[in-house]
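Working notes, structure below.
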Amino acid sequence: MWSQLSSLFSSNMDSLGTSDHASVVSMNLFVALICGCIVIGHLLEENRWMNESITALLIGLATGVIILLISGGKSSHLLVFSEDLFFIYLLPPIIFNAGFQVKKKQFFRNFITIILFGAIGTLVSFTIISLGAMSIFKKLDIGSLELADYLAIGAIFAATDSVCTLQVLNQDETPLLYSLVFGEGVVNDATSVVLFNAIQSFDLTRFDHTIALKFMGNFLYLFITSTLLGAFTGLLSAYIIKKLYFGRHSTDREVALMMLMAYLSYMLAELFYLSGILTVFFCGIVMSHYTWHNVTESSRVTTKHAFATLSFVAEVFLFLYVGMDALDIEKWRFVSDSPGTSVAVSSILLGLVMVGRAAFVFPLSWLMNFSKKSHSDKVTLNQQVVIWWAGLMRGAVSIALAYNQFTRAGHTQLRGNAIMITSTISVVLFSTMVFGLLTKPLILYLLPQPKHFTSCSTVSDLGSPKSLSLPLLESQPDFEADNGNHDESTVRSLGRPGSLRMLLNSPTHTVHHYWRKFDDGFMRPVFGGRGFVQYVPGSPTEVSTHNMPDRAT
């Protein structure tokens, strides 16, 4: 008996050791591929066509082909695509760093437009894609799909790829387009995930107006509570670091606290079934406005580069991951007998994505232009085309949602589900490769002098970790904000609000004025920030900051 137990134990240990060794080999190869993507991306940095995301995608595809050949057609990837890996580990650092580094002046200046594009636009795109798929796919032989599947298709393909947007648009060269497209992408991803979860939770067999009202109430609840949770977590980190002066004893502790509090915001949102994407994005904005100014100079440099590095590695990992998983032979085997159907489904979905995006970009842009009196604040037709084009890319969010809807633990035995998975992969690859490759040349062609529409914000946003300070809703010239020259002539030139009429005529300046009073009068004295942290030897505030004159309100 003891000999049998001994042999069983040794055989289990051997199999476990073999499995662990295979995992180590896979991780070694994956890390080596990431290093290769970084090197090749550096060499192609000056190329106006290529970027790291497309490079990683191509290398992932090439690696998948090699693994497929070596394994004799059994497998194409080192790691199996996992929703948890994507949503829990890869997405948070990318979205947080985007909020941490975003030009807040441009973002909040166009906040209403971003919300309209991200929320209303996503609903319009979702409706068009769902109705189009329902009316067309029923005529094709792709298996049995239910109402929930068609609605899920609308949510899956309404989700833009905000990660790829970070790669193809430059925040310094095209700040307006970047803030609009990326800001819309963040709200869009959150809206798509909320839509998808609502589809799975509601009983669609008895669809009526009450379900629509419940969905709208659920969306508003998630949006508001997720934003407040992110702001609360950011403010809590700012207050703790300001009061305890971690940097006086150890800069490592304040850096670690910032990183952990940022990740905690995302996990809290997931714990309470909120939108982690919105939460961690607004946590990044609040941390850059308050917390970042409360830490030591060395910690500022460290956190800025640490967050950017984590985001960069996660982006490369993500596209490499998607590229290899795109050749999963299990899914493609189901459509091998009818490749024409798969191509037709992919083409139809791609067409619906383009129509659905055009259906809200141009009308909503016209509506926003109609409400703006200043010509410089209006979005031109060429800019609208770029916004439409840059938002056509679909990425890992779409793949993750498709796997959730049409597979069980990453596997499927239904032909219709397999066709939807392969079609999603095809749309993601085509949109990222084609639309991503052509975005930069399109910007150069349609907007040969991109600085002509960023006259109000071409300089670096001094409220972000990229420089010094600026209020969240700052809309004044940057040199005035930096030097504190807020005299009466400046205020009059901006049109200080004194009545409801002024609020209607210049809402941005009005909101900015009252925000500055509230921020300088209450928020900064409590939570810290540029020029509002009391100087103590060894504290986060530099001597130069301590000696600066107070900014006038």
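Positions of Cβ are set from backbone N, Cα and C atoms, glycine also.
Positions annotated as domain 'Cation/H+ exchanger transmembrane' by TrEMBL: 31-443.
Annotated transmembrane segment per TrEMBL: 22-44 (among others), in sequence order. With a cut-off of 8 Å between Cβ atoms, the residues of this chain six or more beyond the transmembrane segment (22-44) that come close are 50-52, 55-56, 59-60, 63, 78-79, 313, 316-317, 320.
Annotation comment: TrEMBL describes 56-73 (among others) as transmembrane segment.
Summarising the annotation, TrEMBL assigns transmembrane segment to 85-102 (among others).
The transmembrane segment feature in TrEMBL is assigned to 114-138 (among others). When Cβ-Cβ distances below 8 Å are used as the criterion, the transmembrane segment (114-138) is approached by residues 107, 145, 147, 150-151, 153-155, 157-158, 179-180, 183-188, 190-192, 195, 219, 223, 345, 348-349, 352-353, 355-357, 359-361, 364, 367-368, 387 of the same chain, each at least six residues removed from its ends.
Taken from TrEMBL, the feature transmembrane segment covers 150-169 (among others).
Outside the transmembrane segment (176-199) by six or more residues, the chain places 95, 98-99, 102-103, 106-107, 109-111, 113-115, 117-119, 121-123, 126, 148, 151-152, 154-156, 158-162, 165-166, 169-170, 215, 218-219, 222-223, 226, 275, 277-278, 281, 379, 383, 386-387, 390-391, 397, 401, 404-405, 443, 450, 453-454, 457 with a CB less than 8 A from a CB of the stretch. Taken from TrEMBL, the feature transmembrane segment covers 176-199 (among others).
Among the features that TrEMBL reports, transmembrane segment is placed at 219-241 (among others).
Residues or ranges marked as transmembrane segment by TrEMBL: 262-287 (among others).
TrEMBL lists 307-327 (among others) with the feature transmembrane segment.
Sequence annotations record features per position, and here TrEMBL assigns transmembrane segment to 348-366 (among others).
Among the features that TrEMBL reports, transmembrane segment is placed at 386-406 (among others). Only residues 6 or more beyond the boundaries of the transmembrane segment (386-406), in the same chain, are considered here, and those with a CB under 8 A from a CB of the stretch are 81, 83, 86-87, 90-91, 117, 149, 152, 155-157, 159-165, 168-169, 177, 180-181, 184-185, 188-189, 192-193, 196, 200, 318, 321-322, 325, 353-354, 357-358, 361-362, 365, 379, 412, 414, 417-418, 420-421, 424-425, 427-428, 431-432, 435-436, 438-439, 442-443, 446-447.
The feature transmembrane segment is assigned by TrEMBL to 418-447 (among others).
Counting Cβ pairs under 8 Å to the transmembrane segment (262-287), the top-ranked stretch among 56-73, 219-241, 307-327 is 219-241.
If you look at the transmembrane segment (150-169) against the transmembrane segment (219-241), you find fewer than three C-beta pairs under 8 angstroms, all six or more positions apart, and that falls short of contact. Non-local neighbours of the transmembrane segment (348-366) in the same chain are 113, 116-117, 120-121, 124-129, 132-133, 136-137, 153, 157-158, 379, 384, 387-388, 391-392, 394, 423-424, 427, 430-431; each lies 6+ residues outside the stretch with a CB under 8 Å from one of its CB atoms.
Listed by sequence, the residues of this chain that lie at least six past the ends of the transmembrane segment (56-73) yet keep a Cβ under 8 A from its Cβ atoms are 33, 36-37, 40-41, 315-316, 318-327, 329, 429, 432-433. Residues 119, 190-191, 194, 198, 247, 254, 257-258, 261-262, 264-265, 268-269, 272, 274-287, 289-291, 294-295, 526-529, 540 of the same chain lie 6 or more positions beyond the ends of the transmembrane segment (219-241) yet place their CB under 8 Å from a CB of it.
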